[in-house]
């Protein structure tokens, strides 16, 4: 099931539980604005190349729109729409004053030189600079982009609007980036997992974890969970998968993955088929890679008792039903991976104040937000007698709906 269909379905279910009327429901779903621009740049060999850049701005009832910019060859408009909408609910669940957006450029960043990527980013910024802004829409990195991309956007935007560090988040520290931002999504996953286990009378220590995906989020989650005494028994990424039922040496694996561009060939574990990673015997499964990986084909074979969704929409609705019948507890993406956008908010706040925090303050504030978020989600579960996914969706949708009605925007 594609991302947009799944997101719309969850929204509709939440809307029914909340008893929203059809007009309000419709106005909450329609994006505020969709932008498409042509970006033509001279390549290093002197030829011209054209790319399509776009931005979907979904909702700004609760504040400026927020969301990533991805550089990827197959940019599917449906997926971008779904992700923009998901950001609206995610920021509302986290209770930070933003709405949702998403965008990017259809290109293969691996085939472009650094100077070509810079030219492309600057041309894209020139085309959309009057449609983004500190109090309008604040981009962040996503697939295929990073702190350097944000630095170029900031510089180009500032040529038109004066020095504006708060126009993007996920910047390099030297240009106003926040300490703790790099680890934020993974650290949020740790705090979310702690909150959930606490609810079930357990702690991280001694639990057996399987992590699919060893990029930024998976690697940080692995490192922080193992520091808390969690036993990580299997890890996979695009290069391969490894397993060690006694627990993988995570510092060793991090070093190996950095040197060899992946987990493949690590000697501290046995290689396994990456396809089997999700059905390994464990207590807690953390999908931290792509969407749609848990589906009706493999859901019956999943042995984990808890699933923490560090990736965006890793679980298909069909799998959701199968797993809930089995009694598997799923902590949904719109709460579990909101650590990144929460610390992006802290970065924006620091930039606006012109006053930077130390890392301890960033991490403590993140923990407060994640714990409060979990409590709020649980309250909605009690009120509507629903699972954690619907608890999170009803919480997010309700906050946006209330803001919309208070502004007098409902149709």
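The backbone N, Cα and C atoms fix where each Cβ goes, glycine too.
TrEMBL: automatically predicted annotations, no manual curation.
Take the CB of residue 66 (substrate binding site) and look out to 10 A: across all protein chains shown you find 28 other CB atoms. Taken from TrEMBL, the feature substrate binding site applies to 66, 90, 344.
Around residue 102 (active site, proton donor), the C-beta neighbours below 8 angstroms that are at least 6 residues distant in the chain are 55, 56, 58, 67, 68, 70, 80, 81, 83, 84, 87, 142. What TrEMBL records for 102 is active site, proton donor.
Marked as site 'Important for catalysis' by TrEMBL: 142.
Cβ neighbour count for residue 185 (NAD(+) binding site) (all protein chains, 10 Å cutoff from its Cβ): 25. Marked as NAD(+) binding site by TrEMBL: 185, 216.
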Quiz item: Using Cα coordinates, what distance in whole Å links residue 216 (NAD(+) binding site) and residue 66 (substrate binding site)?
Solution: 20
Exercise. Sorry to bug you, but what's the C-alpha spacing from residue 185 (NAD(+) binding site) to residue 90 (substrate binding site), rounded to the closest Å?
Key: 13
Practice problem: Just jot down the residues in the same chain as residue 344 (substrate binding site), at least 6 apart in sequence, with C-beta under 8 A of its C-beta; none if empty. | Solution: 66, 138, 140, 169, 170, 178, 181, 184
Quiz item: Given the substrate site residues 66, 90, 344, which other residues of that chain have a Cβ within 8 Å of the mean position of their Cβ atoms, reported in sequence order?
Solution: 67, 87, 91, 94, 96, 98, 100, 140, 338, 340, 341, 342, 345
Practice problem: Count the other Cβ atoms sitting within 10 Å of the Cβ of residue 142 (site 'Important for catalysis'), across every protein chain shown. | Solution: 19
